[in-house]
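The structure appears right after this line, and notes come after that.
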Amino acid sequence: MNTTLYFQQRVMAYTFLLGISLFANSAMAEGVAWESLNPQQQQTLSAVKDHWNELPPHRQERLSKGADKWANMPPEQRARAQENIARFKNLSPEDKARVKEHIQKFRQLPPEQRSALRERWKNMSPEQKEAFKNRIRNMSPEQRRELREQIKERKMEQAQ
């Protein structure tokens with residue numbers, strides 16, 4: 001797989017998962033009974049019906065909320081999400097693990113930091129967002145490593 005396509009897929013997967021994580025709230029300890037889902041949620045989640053009761057309660061809660069969000073998405077946003085899901089499915093297991101790790105790190109940020117990041121992204125114009133994505137896509141492995149190091153250094157400075 002060529003490097004540009006590989007990183008395009010990674011960026012899109014990160015974007016999709018970040019978007020999904022923005023809507024996820026803390027889970028309820030008791031979970032969600034399948035029968036308590038409305039018909040639209042059940043239809044959206046039909047692929048997991050047979051093992052719904054085996055899912056951890058926090059996962060059931062996130063899925064039920066995600067099904068509500070899905071039902072209320074405009075068609076264009078839903079189409080973009082489907083494209084991102086398809087890209088994520090095509091990632092290697094290692095890349096999927098990295099994406100999940102980044103999402104977990106995002107979720108562990110203090111609420112004010114998460115809000116600030118969301119707001120910053122939301123306030124970017126479509127052109128700025130595309131320029132950011134292209135910048136990441138077109139970085140060499142060395143440039144990406146340097147960027148990660150810079151981010152780590154900023155985090156260390158902020159922690160002090």
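The first residue you see is number 1, and the count goes up from there.
Cβ coordinates are placed from backbone N, Cα and C, and glycine is handled just like the others.
All TrEMBL annotations are machine predictions without curation.
According to TrEMBL, the compositional bias 'Basic and acidic residues' annotation covers 115-133 (among others). DSSP assignment over the compositional bias 'Basic and acidic residues' (115-133) gives 17 helix, 0 strand, 2 coil.
Per TrEMBL, the feature compositional bias 'Basic and acidic residues' maps to 142-160 (among others). Long-range contacts of the compositional bias 'Basic and acidic residues' (142-160) within its own chain (CB-CB distance under 8 A, at least 6 residues past either end) are made by residues 136.
Among the features that TrEMBL reports, region 'Disordered' is placed at 108-160.
The feature signal peptide is assigned by TrEMBL to 1-29.
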